[in-house]
Amino acid sequence: MCGIWALFGSDECLSVQCTNALKIAHRGPDAFRFENVKGFTNCCFGFHWLDITDHLYGMQPLRIKKFPFLWLCYNGEIYNHRTLKKQFEFEYQTNVDGEILLHLYDRFGIQKMASLLDGVFAFILLDIANRKVFLGRDTYGVRPMFKLLTDNGFLAVCSEAKGLIDISHEMDTPATIAPFPPGYFEVFDLKPNGKVQSIQMDQFHCCTKEPAHAIYDSVERLHTSFDEETVKSNIRSLFENAVRKRLMAHRRIGCLLSGGLDSSLVAAMLVKLSKEEKLQYPIQTFAIGSEDSPDILAARKVAAHIGSEHHEVTFSVEEGIQAIEDVIFHLETYDITTIRASVGMYLVSKYIREKTDSVVIFSGEGSDELTQGYIYFHKAPSPRAAAEDSVRLLKELYLFDVLRADRTTAAHGLELRVPFLDHRLTAYYLSLPEEMRIPRHGVEKHLLRESFKGLNLIPDEVLWRRKEAFSDGMTSIKKSWYAYLQDHLESMVNDDQMEQVQKTFLHIPPPTKEAYYFRQVFEKHFPGRAEWLSHYWMPCWIGASDPSARTLSIYKPDKE
């Protein structure tokens, strides 16, 4: 996890512009580099480094002797870089996983290069010899990237939008700043004056398609039968492989553990594989919540069962409320449920950074979207509708849960890893018959639970624990975090403001005082950038007016 920043064709002195790169310093606390591009006085790269895989050569922009005309700045991890190196007999000059991008690009070109990468990434690749600039982002947008492009061809790129909003340029009209679309690459011609012109934007992978790199994967070809036992075996194999490949790190690995199904499976598999791989330290797990919260109690059971070094972070409503503005600043969104859930994740990440030496953090994001885990899926009108909504949610992850997970951990210099969003695992699960993936016997994620039944990987009561939103589960069942938050914000926004809301906010007017306050804070830091969010996250099919599961009529708390 790092912070990348680059300018091509700057209208302003670079020494002035580069101060903007410092706004994402939290993403890479180990070192910083600012480097001009030789021959282009108005082009440069900025890089904040979190050292994970190569102490010696990990600094960027990455350049190697074999390809002196290529400059690479990327944020991410390429889990199959050694496999591809061996497969194509590439000669490496470093131990950096990202070096594989240079070799693949030189051999196959940009589209095949991107499609062969098994990992999470956002990259900026400059080819001086052919006067081209390339941008690309992983399938689910696990790693963020924003792009600023003016009408006269000035291009600026940054991991977070805050590194672009104060970039100066000579155009009279405001520059468009937008998130780069996941699963796509873009090609620009680089002109002699450093300006660019976009000439190609194409998708290199979609979540429903088997990834091109699958033929080189360490998991053998899967049985294609849809017999339930075969399917469950395939799910277990792919999940185990997804966790194993993400052990790639020389920094300490830990795991967020809410006590829900997804994080518990990740933590349990992580502990199991860390022992097989003979890691030299115990896996630390981290839970946050009030003392009587369902999450804290469930996480405690799981930690005892799997034998992790468990840490509990006590959550107080007061501390949560105080963190709201910082959280919105880091998130760069005003989505209601994203902000609610981010507060706990932000505070537990702060604890990890300050109190432990874990840096690489596993988490369970993506499972709810993939396996139809939200309780509103019980009300899906048909298996086809449920399957379509699952794909929609996966494609929108970069606006919601993946955004939350990246920004709250990156804010404290941690690197997030999300095995449920493994390319092969997601493609396989989405290829299964629609009827197999829907909730069964009143239980959501039934197929996933059945796949790990009887293995004693996690306690049975957690394996079958009902879905509880992270922002709900970290406080008492008697009163949710969102309810405390709404009570507090009731006095922060008056009725007159709500009456004028349609005029005040033309794009997605906030429906409640809580949402109004979130929007106010967002506009304070990112004025006029409301279009970064296309819609609020909200349950489907049940006429929901609030994203919290606890507000839905079909919500039933666990008897536990």
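Every residue, even glycine, has its Cβ placed from backbone N, Cα and C.
Any TrEMBL annotation is an automated prediction that lacks curation.
Around the Cβ of CYS2 (active site, for GATase activity), a 10 Å sphere holds 27 further Cβ atoms from the protein chains shown. If you look up TrEMBL, you'll see CYS2 marked as active site, for GATase activity.
Look at TrEMBL and you will find 2-191 tagged as domain 'Glutamine amidotransferase type-2'.
For ASP97 (L-glutamine binding site), other Cβ atoms within 10 Å of its Cβ number 24. Residues or ranges marked as L-glutamine binding site by TrEMBL: ASP97.
Less than 8 angstroms from the CB of GLY364 (ATP binding site) sit LEU256, SER258, GLY260, LEU261, ASP262, SER263, SER264, LEU265, VAL266, VAL418, PHE420, each of them six or more residues away in the same chain. Among the features that TrEMBL reports, ATP binding site is placed at LEU256, ILE288, SER363, GLY364.
When the C-alpha distances from CYS2 (active site, for GATase activity) to the binding-site residues ASP97, ILE288, SER363 are tabulated, the minimum falls on ASP97. When the Cα atoms are compared, ILE288 (ATP binding site) and ASP97 (L-glutamine binding site) turn out to be 33 Å apart. The binding residues for ATP are recorded as LEU256, ILE288, SER363, GLY364; their greatest pairwise CA distance is 15 Å.
Note on the domain 'Glutamine amidotransferase type-2' (2-191): mean pLDDT across this stretch is 92.
Its Cβ placed at the centre, ILE288 (ATP binding site) has 28 other Cβ atoms within 10 Å.
Here the CA atom of ASP97 (L-glutamine binding site) lies 22 Å from the CA atom of SER363 (ATP binding site).
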